[in-house]
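Here is what Swiss-Prot says about this protein:
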MOTIF     15-25  motif ''HIGH' region'
BINDING   147, 150, 160, 163  Zn(2+) binding site
MOTIF     332-336  motif ''KMSKS' region'
BINDING   335  ATP binding site
DOMAIN    578-680  domain 'tRNA-binding'
């Protein structure tokens with residue numbers, strides 16, 4: 001942090017209180033923000049970490065209508081769940097409040113009124129979709145229809161979730177109201193707009209000239225918006241849920257959620273510090289950092305700064321370290337499709353393993369490009385890195401100390417050249433980790449911390465103190481002293497990343513606290529200092545545990561496919577005479593068995609009313625042979641025989657229907673008929 005700043009205000013994007021938090025939110029915003037804040041606190045710097053729930057906006061009203069409850073019921077439920085999940089996961093907010101609070105309503109209204117009185121808004125009349133049955137204007141998300149790009153049904157008025165294209169309500173083909181299902185009409189409505197074009201000049205200089213250090217994805221997106229030319233943006237909308245526009249003639253209108261939500265950072269600070277909140281938002285010696293996902297870049301880098309500048313008394317953000325998106329098993333995370341790993345469910349399924357997820361999400365952090373989370377990678381990083389590297393080194397160092405020195409830190413004797421080389425390797429770790437954290441490279445910083453554990457593992461493997469114990473206990477003492485100093489350094493280096501493990505390790509080391517300035521020192525544990533009992537820092541995660549999570553996702557995928565199933569188009573019309581050429585008959589299955597060395601095939605002996613025939617069918621993955629014996633099936637009797645590589649000849653084709661998920665269902669009859677009966 002630059003010397004000109006005395007304190008840092010850190011904000012993290014306010015999650016919508018219309019559903020739980022998932023790993024995409026964590027990887028994109030909350031884990032990196034928490035790492036950074038914990039790092040600053042360890043350095044004894046003055047920092048404030050502000051969070052809260054975004055409780056206004058259309059997604060909340062849509063869920064409320066769907067569930068037949070009020071929007072307040074929705075936000076009360078999810079605010080509590082989100083807040084408790086964050087707390088259990090170790091996201092260390094100084095305050096986690098909400099935008100339905102009295103403080104927020106007052107401050108957001110006051111903010112709008114200040115800009116209104118200063119003439120910072122323009123009034124515009126526009127045409128907007130209106131639901132005549134529900135008697136209300138329709139927000140973007142209240143309009144659905146066919147996407148003009150990929151032609152998927154159910155695209156929203158602001159975006160198609162199938163192809164990801166941003167849309168306007170008027171882009172949709174055959175639009176309909178999500179409230180009544182009726183076709184909406186266009187009606188005139190008046191709103192207030194923030195003229196971003198008026199702010200384009202100073203925004204261009206402030207971002208493109210003064211903040212070239214911002215991440216390329218952030219800088220690039222801002223440049224793209226500025227190069228296209230900024231347009232006025234509505235700050236109000238026709239809705240009955242939100243903060244009422246505080247001026248005359250604004251009945252039935254509320255503050256647009258993008259205007260309302262970022263003010264929540266300020267109101268939450270005011271709620272926490274009613275007497276000193278302005279120091280954290282208006283003092284030029286305060287540094288403001290926004291942690292967000294890439295879908296919020298324009299709001300935090302262009303729109304919110306324009307709001308703050310227009311108000312006139314607030315500082316502007318110094319950095320906006322936005323991440324890209326995290327995908328799940330190769331597919332985009334989607335709340336509506338339930339394609340996510342939900343934080344509250346993870347905490348239930350993996351009790352005491354908060355740090356494993358924190359570690360994996362940081363190791364796979366989408367800092368400059370979209371990245372992917374897979375359960376197999378989660379397991380591998382836990383077992384091969386946390387357990388086999390970090391945990392293994394800590395355990396060996398402590399267990400050997402208890403075995404040979406009754407758990408007391410042994411005396412460090414004369415150092416060998418190898419000892420000195422090892423100590424030199426981790427002497428610079430503080431500077432390396434600091435350099436990376438200061439520029440928000442959390443993935444590389446965590447990797448640097450793990451390298452410290454690798455150094456320790458290699459040191460013990462090379463020096464083999466368990467072998468020297470028979471001949472040279474002085475040498476063993478020196479080796480274990482060095483190993484323990486490395487362990488203590490790991491407790492500090494990993495504190496911002498893995499706070500639960502660092503706390504557990506400090507207890508094992510019998511140390512209440514460490515400070516960041518101590519990182520890299522080789523005398524953190526005094527000779528003779530008594531250690532506590534050694535415990536495993538991490539546990540191996542077994543295959544069946546991971547398979548249970550994979551199966552849960554597969555079940556979700558099948559449910560989504562079933563819900564979105566659309567039959568294939570009908571094939572070209574054929575003449576009746578063409579159909580008559582097919583001889584479709586009923587046969588009774590006399591025998592059925594799997595074809596040896598061809599596990600997908602079943603061999604049937606079919607009674608067709610004239611003789612018995614052999615038919616081979618590729619349905620072995622869908623039926624057990626015994627399930628089909630005695631059943632009647634439909635088959636094409638006049639299909640040319642087909643010979644397989646093993647010499648087997650199939651004399652027909654059994655008819656099956658293919659379900660949406662690829663499973664096959666053999667066609668059958670409602671009542672039994674004579675074998676050989678024709679299908680007409």
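Every residue, even glycine, has its Cβ placed from backbone N, Cα and C.
Distribution of Swiss-Prot features across the structure.
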residue: 147; record: Zn(2+) binding site; DSSP (3 states): coil
residue: 160; record: Zn(2+) binding site; DSSP (3 states): coil
residue: 335; record: ATP binding site; DSSP (3 states): coil
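Using the Cβ center of 147, 150, 160, 163 for Zn(2+), the list of other same-chain residues with Cβ within 8 Å runs, in sequence order, 148, 149, 151, 152, 155, 161, 162, 164, 165.
For residue 150 (Zn(2+) binding site) paired with the residue listed as 'ATP binding site', the C-alpha to C-alpha distance reads 20 Å. Around residue 335 (ATP binding site), the same-chain residues six or more apart in sequence whose CB sits under 8 Å from its CB are 19, 22, listed in sequence order. Applying DSSP to the domain 'tRNA-binding' (578-680) sorts its residues as follows: 7 helix, 46 strand, 50 coil.
Counting residues of the motif ''HIGH' region' (15-25) by DSSP class, helix then strand then coil, yields 3 helix, 2 strand, 6 coil. Proximity of residue 163 (Zn(2+) binding site) to non-local residues of its own chain (separation of 6 or more, Cβ distance below 8 Å) is seen for 147, 149, 150, 152, given in sequence order. Cβ neighbour density within 10 Å is lowest for 150 among the binding-site residues 150, 160.
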